[in-house]
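What Swiss-Prot records for C220, C223, C244, H257 is Zn(2+) 1 binding site, and it gives sequence analysis as the kind of evidence. The annotation Zn(2+) 2 binding site is assigned in Swiss-Prot to C280, H283, C303, H308. Sequence annotations record features per position, and here Swiss-Prot assigns compositional bias 'Pro residues' to 72-87. The feature compositional bias 'Basic residues' is assigned by Swiss-Prot to 534-548. Positions annotated as compositional bias 'Polar residues' by Swiss-Prot: 580-590, 870-889. Taken from Swiss-Prot, the feature region 'Disordered' covers 1-119, 524-555, 575-599, 656-706, 753-848, 867-918, 1128-1147. The feature zinc finger is assigned by Swiss-Prot to 129-188, 215-268, 275-316, 921-968.
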Amino acid sequence: MEVEASGTEDNGDGGAKEPEAVVSIDTETKEAADEAKSQETVPQTPTTSSDSSSSGGGGEATDGTPNAESADPPPPPPPPPPPPPSTPADSTAAAASPAVLTEMSPPPPASTSSSSSTPAAPINLLDTCAVCKQSLQNRDCEPKLLPCLHSFCLKCIPQPDRKITMPVQGPHGQDTRIVNVMRCTVCHQDYKQIDMVDNYFVKDTSEATNTSVENSTQVCTSCEDNASAIGFCVECGEWLCKTCIEAHQRVKFTKDHKIRKKEEVSPESVGTSGQRPVFCPVHKQEALKLFCETCDTLTCRDCQLLEHKEHRYQFLDEACQNQKGIIATFMTKLQEKRGLVEYSASEVQKRLKEVAETHKKVEHEIKIAVFTLINEINKKGKSLLQQLESVTKDRSMKLLSQQRDISVLAQQIIHVLNFTNWAITNGSSTALLYSKRLITYQLRLIMKARVDAVPPANGAVRFFCDPTFWAKNVVNLGNLVIEKVAPTAPPSNMMVNQQISPGHNHPGKHSGQINLAQLRLQHMQQAAIAQKHQQQHQHHQQQQHQHQHQQQQQQQQQQQQQQQQQQQQQQHQQQIQQQMRIASQMSQHPRQGAPQMIQQPPPRLISMQALHRGGVNGSSHMFPPHHLRMVSAQNRMPSAQPRLNGQPYPMMQPQLQRQHSNPGHAGPFPVASLHNISAANPTSPTSASMANAHMHRGPSSPVITPIELIPSVTNPENLPCLPDIPPIQLEDAGSSTLDNILSRYISANAYPTVGPTNPSPGPSTHSPGSSGLSNSHTPARPSSTSSTGSRGSSGTTVDQVKVKQEPGVEEECSYSGANVKTERTKDGRRSACMMSSPEGSLTPPLPILGSVSTGSVQDILRTLGENVKSEPQSDNLSSCTNPNSRATLTNGTSGSNGGQRGGATNANSQTTAGKEDDPNEDWCAVCQNGGELLCCDHCPKVFHITCHIPTLKSSPSGDWMCTFCRNLANPEIEYNCDDDPPRNKEKNEMAMSPEEQRRCERLLLHVFCHELSTEFQEPVPTSVPNYYKIIKHPMDLTLVKRKLQRKHPLHYKSPKEFVSDVRLVFSNCAKYNEMSRIIQVYDEEKQSNVQADSEVAEAGKAVSLYFEERLLEIFPEQTFPVVMEKETQIEAEKEDSDDSDDDIIQPKRKRLKVDTEMLLHIK
């Protein structure tokens, strides 16, 4: 249904029936129009039917736009819902005052016909007074529409809240006028009284309802007599009474019109034409049928000829269509803003959930700590009570024995005294003398009995404890550590200040993307400047032998220029990095030597290798697999993150998600940076020395510096409000202006081919990322197979290399004779690494761009040897610099013929061959990451050389099979692994046999490949509460892997030791989680807290069962009984000792003799 509303703001003070805002309603739905065409009626004639009325009555309002809009069905009240796909075409226009914003759509005119199709809640909100809750479809209620789009009856309109003075343009210049300010009782928004208009949506809907449903009560719409209509003019679209029909037929202009009887009129032909026309307030007899574009108001024909003479005007239908387009644009913008608001609401909800989860977690930890202390206090109290009872019982027994002896003696004395006294007083002399001997003996015997007059005092038993000391220290029992997050740019700027042009093809994009593209272009321009300086410096190096003295002067000048240029570039880079840091929170890791290294020219941006499993998976293998393994590329990054950059990882993750939602910043595009690799990779013994040597070396000495990528830790796919802008796809040459600029820049600065006769070849960085840069900038590049058979100057050929190329991957890394796999990331993005030379202005770029090396292996090694002969060699460096290794990374190194680029036209067809029939998997079987992988020739599994067990020293040559496929008794191949046994013969004799070693390696590799074993591959972080208090002998699979190597000092002597350690990993997990169940007694929310720890416990049980099954399969002839853990034995012995009386420190005998009042100290 089409609705037009327009009003003027400066015509008066808003009457009840003839307000300043004059509104004209002309309704028409798509369905009604189609049906009208099928009925051969005039298209301009609006019709009223139950179907058309059910779509919104007087029209449906747009979502927060200044005009009303109709659609099927009407949207619910705010927040505004997204419009249906057909809404922009059916949206209505309203040229009202700027202060009026509509948000509502009136209900269907007939409740009987629309009750089944339209929900009741939106109807009540749209056609009901917000104060008295009465229906507004009454003609006498005078419905009013407020600027906040709430409808009120005229009697329910709130009284003016205050008055303000507004400047107005008067006849004599600037003037002021007092305006009433009112406040909506529903939404409490302030508005001016003059901005309030009649709600013609409801009024005309009510009239349309009465006319379309009850034809018997239809009144004439051509006159003002309110006479009953008996006919309907099809051409005019008006109901006519008997008098009007006669007049209609008499007038020459309308006498040919077709008039139907009321009973014959179909609802489709009537439509909403039963609405009364809105008449001009000046010319009472003229309807408002024109729209003045100049004045933005509805006019009648007379007004257009008089007051609006020579103004631009349109008919209502044409103006309605124009306003529809404007409204559709506003709707698009508002829908985008609605998405941002909903995303912000969801983020707030997430933060609330995080707060609740943090509360539960910390509460759980506090209860564990308190419960642990309570347990220890109870134990100590029971032990003290037991010791006290033992001491007092012993003393009581001794005193009771003395008491019995004394009682017996006292009775004996009384008896003897009584008998003697009776014998003396009552007995005869003969009897006394006769019994004297017995009486005297008994008296002497009792007299000899030794009785102490004062028994020895008891030794004092005292309890020494300072309650005040413990009460004071309870304050320091535990503290809450609240980590502060770095301040970020307010997200409101992103939502409020975004401007989207009407009719934009991509409504999801924001203006901040232009800044991002400019940022990238600035980086490339800086890299171009650095490239020019590199050329100049290389030129000075070539002339060094001829003009040594002149070279020194030029070198000093060049260094000064470089320092100035580097300072400028460093300042600009710091500004850019600050913006990048605000957007992605990826600040550079503070390393040793960073101030010296940061003086390099700013590196180019690197297209991020896709994130994997929601964790921190950047470029997993920046080097070939036998290079330094980057810690930042692993799934277990959170444990290493606080050590690397000093910032807690869990608190950083939500902040990154908020900052990535701001499209005005750099987004998820990491920057290559130079770092001290030894901090990230402890297994590299010489990388630190190389970095330090580079810092103390002059600018003319070449060096191979490892490059570390800082990956973004936020998956952009999880951010719905991010702009839908793809990263710079450097592989698709010519696809964008940036790509063309980049291609021209690279081709203009490319060096000629460096052959073996070149006196000073430029050193190149042995990095697949660097070679990926070379290949990605060329529109067409030859594949690795195109270099087969090509010869260098020495006449030797490069061995053909099988490269597993995934769809969409433009980066190639070749190994001689081995199957090397370059993977695309899991989210489908191409792994195109674009970086500058790591030496900055000190090192020239790669000699050949876009082509695979065609020179011989010996030439390459000799060329590299000349460049790095002054550098210390590391075991972890690429075997490209080792002449003894046959597995050579040929991609990215210098060839001998620059004309090889001419064969680049067949590159794409060759690289895409064989992609579909590749039987190998796409991800490493252990770490589930992509990168350069070794493909087994007998099974589909692939591995990184550092993930395989045993770990390989370098990439193998020829056919290769994994540990799963190799024969245990008689292996087909021997691995080139850095696992030389110790020279001590005794240790070799005590070690496992080679077959047992291979069996243990296969069993451990099975465990590593289990999908639930990730939690057990690394040591448990110290942040896990009370873990190292409960677990006294921690163990992890990586430690088992190291101990399985024969060079390890604690190498396993038998498979039983190996099995025992693996079982210890899972028993520790079960023990820790079993301990956590004790907290149920003191926890109010038992199930939730226990369930939080049960996931790792269930994973431990599953992997343990899997390990036992594989153990029976690999060692069928051996049995490995479960040995009681050392910790359990120690605890059992400790409990036995606690129950005994040995813990009581007995008093020394020397003090017993000296001091009878000895103090007995009890533990």
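Using the three backbone atoms N, Cα and C, a Cβ is placed for every residue, glycine included.
Take the binding-site residues C220, C223, C244, C280: by the count of other Cβ atoms within 10 Å of each Cβ, the lowest one is C223. Mean pLDDT across the zinc finger (275-316) comes to 84 in this model. Across the fold, the C-alpha of H308 (Zn(2+) 2 binding site) and the C-alpha of C223 (Zn(2+) 1 binding site) stand 27 Å from each other.
In the structure shown, across all protein chains, C303 is the one of the binding-site residues H257, C303 with the greatest number of other Cβ atoms within 10 Å. Counting only the Cα atoms, the space from C303 (Zn(2+) 2 binding site) to C223 (Zn(2+) 1 binding site) is about 21 angstrom. Note: the CA-CA distance between H257 (Zn(2+) 1 binding site) and C280 (Zn(2+) 2 binding site) rounds to 25 Å. Across the binding-site residues listed here (H283, H308), the residue whose Cβ sits among the most other Cβ atoms within 10 Å is H308.
Closest by Cα distance to H283 (Zn(2+) 2 binding site), from the binding-site residues C220, C223, C244, is C223. In sequence order, V282, E286, L288, T299, C300, R301, D302, Q304, L306, E307 are the residues of the same chain, not among C280, H283, C303, H308, whose CB sits within 8 A of the CB centroid for the Zn(2+) 2 site.
Cα distances from C280 (Zn(2+) 2 binding site) to the binding-site residues C220, C223, C244 are smallest for C223.
The secondary structure of C303 (Zn(2+) 2 binding site), as reduced to three states from DSSP, is helical.
DSSP assigns H308 (Zn(2+) 2 binding site) to coil in the three-state reduction, outside any helix or strand. With helix defined as DSSP H, G or I and strand as E or B, the zinc finger (275-316) counts 6 helix, 11 strand, 25 coil.
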